Amino acid sequence: MQKEMDIKLQADACSDHDVQMGNFSIDPARERKLLWKLDLCICPLVMLIFLVAYLDRSNLGNAAVAGMPEDLGLVGNELGNAVSLFYATYVFFEIPFSMLLKKLRPNRLISALIIGFSVSIIGAGFIKNVAGLYVTRLLLGVFESGLFPCLTVLLTTFYKREEQAQRISYLFVSAALSGGFGGLLAFGLIRLDGASGLEGWRWLFIVEGLMTAVVGIATFFLLPNDFETAYFLNEEERVLMRLRLQQSAHQVETEEFDIKEVWKTLRDPKTWLTSFNQICVNICSFGFSTFLPTIIRGFGYDSVKTQLLTVPVYIWASAFYLVIANLSDRVRMRAVFITPLCLVSAVGYAMLLGVDVHARGPLYFATYVCVTGIYATVGLGVSWNANSHSGYYKRAMAVGVQQSIGNCAGLIAGQIYKSEVNGRYLVGHSVSLAAICLAFLGNASMWVLLRYHNTKRAQLSPEERDRIVNSASYEKQGGDFHPDFRYIL
């Protein structure tokens, strides 16, 4: 009780201007304790949710090397079409779900989505032909579409801008770990081939779907909707959360939807530049995560060894990204990590294109070089976008637009890894190489744009600043357009 009073008195001693501009102090020890509790109660559940989601999304690659195409009689590029169809519905529903998150409440909406795609993936275990495969992938896209933008927006309501890259990185680490875990799970489940008259790849879908359903039920009871109602926070910690929100924002996180926030987001060039960057890096990410087993098998390994060889690649990707995300938050910079890592991945794709097709070791090493940059650039790009928009609905819309456009890459990825030329995926690797180079240019441009705005605002005189704040236009802009708002570079 005394600690709570100390925090309240500390806040009461500040003027309204101080509170608005964040000119008050927070006890670092208490804030660290609060962060530990947030990380303990939110992040493991969020990671588990995204792990099972990505497991269900990407298990098509494991099923493919376990004999599914032959059992269903797939011909031509029907497997690639199934990958693309997932994203046809996925990109359409991302914005609506992200905008509905607050109204429908996170625990209800997200748990419903999880149950929905668990049923879809279980259904995939009983399909008889390509039509059934297409239907289950379309439904999977609908239910998974809202998951990433909703989880991202939810995390931004609990953490300050300089804390978000590390926490959002957990989503991508889960995606990477799902590749390794999926490989191990596939290795075990495909050995059930013939049990109860079902092929091994069918057991893969059914078991993973049942696991997902359990996570969906747990999510309804454990996922907090906001810090004001979070079951694991006491009143002292809620007061501290309010102070943190006031300290890091230049705009009140209004509960009411405002269509002006939507139009403001759509007129903001940052929205479209980050979306362009996202589709470029996602071409690499989706192609890599879905077709890595196929790529490795192309080196000449058998089906079982292929599944196992995917595991260490994803473990490396996860460990490296966690380190980079932590450093990015510590130094409050994004571009200094994203741009060079784009070039690292470019080197990896160049190796896949240039190394002799019979050199298994160097080709396998090239997959590590590729993945070193892929997950970090994708994840930090999402964090950078969320950091660059202030106001709940503007940020939710920006994340939704970025993900909708970025995930159109799935439509491309499903088509570029459909054929080999002399044992090498020339089209897939070439398109990915071009995409990561464009991402390098796009992220460098983002840095130039944000640095320009920061410099321009820093050069404002006190009179100019007050004139902007007190003008009518401030009421229309505010948030990240506030003259005191500084973009993370």
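For all residues, glycine too, the Cβ spot is worked out from N, Cα and C.
Database features (TrEMBL):
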TRANSMEM  34-55  transmembrane segment
DOMAIN    42-489  domain 'Major facilitator superfamily (MFS) profile'
TRANSMEM  79-97  transmembrane segment
TRANSMEM  109-127  transmembrane segment
TRANSMEM  139-158  transmembrane segment
TRANSMEM  170-190  transmembrane segment
TRANSMEM  202-223  transmembrane segment
TRANSMEM  276-296  transmembrane segment
TRANSMEM  308-328  transmembrane segment
TRANSMEM  335-355  transmembrane segment
TRANSMEM  361-384  transmembrane segment
TRANSMEM  396-417  transmembrane segment
TRANSMEM  429-450  transmembrane segment
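When Cβ-Cβ distances under 8 Å to the transmembrane segment (396-417) are tallied for each of 79-97, 109-127, 202-223, the top count falls to 79-97. The largest share of C-beta pairs under 8 angstroms with the transmembrane segment (308-328) comes from 361-384, of the ranges 34-55, 79-97, 202-223, 276-296, 361-384. The highest tally of CB pairs under 8 A with the transmembrane segment (109-127), across 34-55, 139-158, 170-190, 361-384, is held by 139-158. Stretch with the largest number of CB pairs closer than 8 A to the transmembrane segment (335-355), among 34-55, 139-158, 429-450: 429-450.
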